[in-house]
Amino acid sequence: MASASTENGEELMNYGSNSDSEESEYSENEDTQVCDKDSQQNSNADSGYPLDSPELQDSKTTGQKGQNKSGKTSIGAVHPNYGFGKRWSKSEDVLLKQLVETHGENWEIIGPHFKDRLEQQVQQRWAKVLNPELIKGPWTRDEDDMVIKLVRNFGPKKWTLIARYLNGRIGKQCRERWHNHLNPNIKKTAWTEKEDEIIYQAHLELGNQWAKIAKRLPGRTDNAIKNHWNSTMRRKYDVERRSVNASGSDLKSSRTHLITLIKSGGISKCMNNMQHNKESGGEAVNKSENADGASVTAVKGGDLAQESQDDHQKGSNLAHLSMQHLIKLTMPRQTPIILKRTRKHIPETHHQAGCSSSETFNQEEAAGNARSRPPSSPVISPIKSLPFSPSHFLKSPCLTTFEDMDLRASTPVTKVYNRVGMEIKKEMETSSIETPHKSQLGPRTPTPFKKALAAIGKKRDGRRYEPSSPSSLVEDLAEIIHEEHLSNSLTANNSKMMGAADQNSTLSTEYNAQSPPHMKRARKSLLSTWSSNHPYNAGSAKRIQPFETETPSKFLTSPGDILKDTLCSEQDLPFDEGRKENRPFHNRRINKYRGGLTYDHVIDPKWARVACGKSRDQMFMEEQAYACLKNLSCISRSLNFEKQKCLVNSFDRFGSL
């Protein structure tokens, strides 16, 4: 009874079972990419029991009948989906192994221990997955020869019968081995472009139904086609498919938007606006600046009484315009604010004398309405320019604008009014944070003048000096420079009365003590006259200091003594912070050494003899050195080290002598 049920179950369930565990267990090294075609179509492959298996369909039919002839209700009759779609757990596998070890393959006793499984499910789980006698390794040459021989005898469909002659193999393994590797009708050559095209077109129609695709390619198995698609073709054709889908979605969205605008009455409003412009006959502006600075030309209307016939003809021509003419009037794409450059404001030109006052009033009223009209809350963003004409037509300014349709979107945008007479906002040319132009800056005051003005402010008890006129400022500065010049001349006269021996140190000390501050010396460069021109120097024979003279290049007729005084010695130079010779302490130390030390030009002959190496011992050592060098230069190099040692010893003896 048990053996009969086993044969029937194996015969019925052979093509239906497709668990992943089985597939991984008996797959060969060369079959690593092999998968069963049924595993793709069944989502419950891991359970080992597909929904379309014959025996499970039989159980459904029995469940629909209700009861058996014996009158007892079966499990499948009460629960038509009993145990389906539920994977086997590890605990169930362990329990099944223990029960088989205890009771053997007696499924009538083992089956009731699994409340959520049918007896046939338990039997198939053991026979196809858990049986330790199953061979799940690679196929041998003997097994392949046996499969080929059995297929010739029984045909390529009796896989359960063929599996009985192969110990450890089941019918599914034999079937996959034959169809994927052993069948002589299988093509194992490289894939051609024609086959790739057939697979691509079939995949577009059928999807992943590899068995149906294999029927269109004789000599190729479904498994080989699937592996070729996943490994090679998907990367190549997915990019093309995405581009086709993207262009199709754009075309679909543009068509939908066009239909929406047509239904909302945009075209009818466009024609009404054109008719209204023809009847009103106002004057249009010759050129108007739009958002991007592009000029749009319009018709200039003159006297209505004289040109009524021409306007009528023009209006009739506008009524018969095609869409291609309307595309030329499309509003250009607005430049983002962050990319706009500051433009200088161009004043509006006056209207010509021939324009009537009523026409001017109409234009101002239209511009005022455009400015006073507030932008509504977020409206839909303007569509981007597409390569075909519907989008250009929809962006025409004469059509119903998106703002008038009150379409809401997540991104708020500002309205772009393309009205005649619309004024452009004047942008600020300068800002407080911008650097002003050089021409706008006032004259800069030189540093010596600033210091002189600060000195005048000190004399005025800290009050700021404000001259009444430029001439008074010059007079005050000349007075300050004159006073400083007198003080310096007195200091120089006093310094000349010092003794000749201490002249250098005394001059530097007196100069550092009584010389004017550093900031006052800069003002002496402002003297515009030489000492000969000053009245207080006319009767005195005072020597002009070098720092009191002007630059010689400014006075080409300067006397020679002034130029001579300009190139003075170091001791007559003004105090310089960077020169150590002008410091008091340094000067005193130098003068002390100059006055106390006396240089003797006569050299002691004994000291010269020792210093120049002319003593007796030095000359003896020099002769020995010359002798050693002379002997060593004549000896050729050799590899006889003992000979060299003898020479060295002889030299040592010669040196010791």
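Note: Cβ is positioned from N, Cα and C throughout, glycine not excepted.
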Inset, instruction - Can you dig through Swiss-Prot and tell me which residue of THR260, THR330, THR400, THR566 is labelled phosphothreonine? - result: THR566
Legend entry - Annotated range (Swiss-Prot: DNA-binding region) out of 114-137, 210-233, 474-497, 594-617: 210-233
Inset, instruction - From the list SER396, SER469, pick out the residue that Swiss-Prot labels phosphoserine. - result: SER396
Legend entry - Three-state composition of the domain 'HTH myb-type 1' (87-130), taking helix and strand from DSSP: 33 helix, 0 strand, 11 coil
Legend entry - Mean of pLDDT values spanning the domain 'HTH myb-type 2' (131-186): 90
